[in-house]
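K.L.:
If you scroll down you'll find the structure; I have some questions about it.
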Amino acid sequence: MQRTKEAMKASDGSLLGDPGRIPLSKREGIKWQRPRFTRQALMRCCLIKWILSSAAPQGSDSSDSELELSTVRHQPEGLDQLQAQTKFTKKELQSLYRGFKNECPTGLVDEDTFKLIYSQFFPQGDATTYAHFLFNAFDADGNGAIHFEDFVVGLSILLRGTVHEKLKWAFNLYDINKDGYITKEEMLAIMKSIYDMMGRHTYPILREDAPLEHVERFFQKMDRNQDGVVTIDEFLETCQKDENIMSSMQLFENVI
């Protein structure tokens, strides 16, 4: 039961909480707030847990440390270059690559594999759609595969990035068609995918209209000029003035 309750918390860059947990009749007059991330919820982030679980040293040689394994079909960028691109230390990059290589010997993660990973962490629901959206957010060049470089750059932003960088990453996740705007349709698709991932056995039971209500609250807060879309400027300005979001972003720092 405790795990089910904890699974309700947002993760993987999601800034949205769950309005479905409080009956509508009791929410009147209550100021809407996004829940803060907990360290426990963050450490259950599928990507982090998946990689770190395989990152323990297993007698690897120096070639592992230098990210130059001839058996890997996709060779990642050099260690120095990745260290310059991210906010990870050399030792952290070596550990992350060891875990990535153990799980993905080819050096690539395709979308089907990514969905399988998420399905294992959310067996009570359907994580397929949310995994699709998250995969596209990590697949920076849109080539249908997540390279180690894609993984560590995204992870660096989520764990060590500035608030501005994290918010831009979150906006990119919500902007499904990457046209620079978040529409109600896009946000509803994201919210439905999150609720589907939670499953039907959560407690308290989620109401059917919770995703739509969440979207309406999101746009009331974010759509400053009420033109039906949320721009990156509106998103950044509103979020950076929200103490709840600012506090939640700090929990991404120094986790690894």
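Residue 1 is the first one shown; counting continues down the chain.
For all residues, glycine too, the Cβ spot is worked out from N, Cα and C.
According to Swiss-Prot, the record shows the following:
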| type | residues | note |
| --- | --- | --- |
| MOD_RES | SER14 | phosphoserine |
| CROSSLNK | LYS26 | SUMO1 cross-link |
| LIPID | CYS45 | S-palmitoyl cysteine |
| LIPID | CYS46 | S-palmitoyl cysteine |
| MOD_RES | SER60 | phosphoserine |
| MOD_RES | SER63 | phosphoserine |
| DOMAIN | 67-123 | domain 'EF-hand 1' |
| CROSSLNK | LYS90 | SUMO1 cross-link |
| DOMAIN | 162-197 | domain 'EF-hand 3' |
| BINDING | ASP175, ASN177, ASP179, TYR181, GLU186 | Ca(2+) 1 binding site |
| DOMAIN | 210-245 | domain 'EF-hand 4' |
K.L.:
Going by a 10 angstroms cut-off between Cβ atoms, which of the binding-site residues ASP175, ASP179, GLU186 has the sparsest surroundings?
P.N.:
ASP179
K.L.:
Output, ordered by sequence, the same-chain residues six or more apart from LYS90 (SUMO1 cross-link) with a CB under 8 Å from its CB, or 'none'.
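P.N.:
The list for LYS90 (SUMO1 cross-link) reads LEU79, GLN83, given in order along the sequence.
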K.L.:
For the domain 'EF-hand 1' (67-123), would you mind checking the mean pLDDT of the predicted model?
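P.N.:
Mean per-residue confidence for the domain 'EF-hand 1' (67-123): 80 out of 100.
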K.L.:
Enumerate same-chain residues with a sequence separation of six or more from ASN177 (Ca(2+) 1 binding site) and a Cβ-Cβ distance below 8 A; give 'none' if the list is empty.
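P.N.:
Sequence-distant Cβ neighbours: GLU186.
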K.L.:
Using an 8 Å cut-off from the Cβ centroid of ASP175, ASN177, ASP179, TYR181, GLU186, can you name the remaining same-chain residues around the Ca(2+) 1 site, in sequence order?
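P.N.:
Close Cβ neighbours, site residues excluded: TYR174, ILE176, LYS178, GLY180, ILE182, THR183, VAL229.
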K.L.:
Taking the Cβ of TYR181 (Ca(2+) 1 binding site) as centre, how many other Cβ atoms lie within 10 Å?
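P.N.:
The Cβ of TYR181 (Ca(2+) 1 binding site) has 18 Cβ neighbours within 10 Å.
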K.L.:
In the domain 'EF-hand 1' (67-123), how many residues does DSSP call helix, how many strand, and how many coil?
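P.N.:
Counting residues by DSSP class gives 32 helix, 3 strand, 22 coil.
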K.L.:
Using DSSP, what's the helix, strand and coil tally for the domain 'EF-hand 3' (162-197)?
P.N.:
26 helix, 3 strand, 7 coil
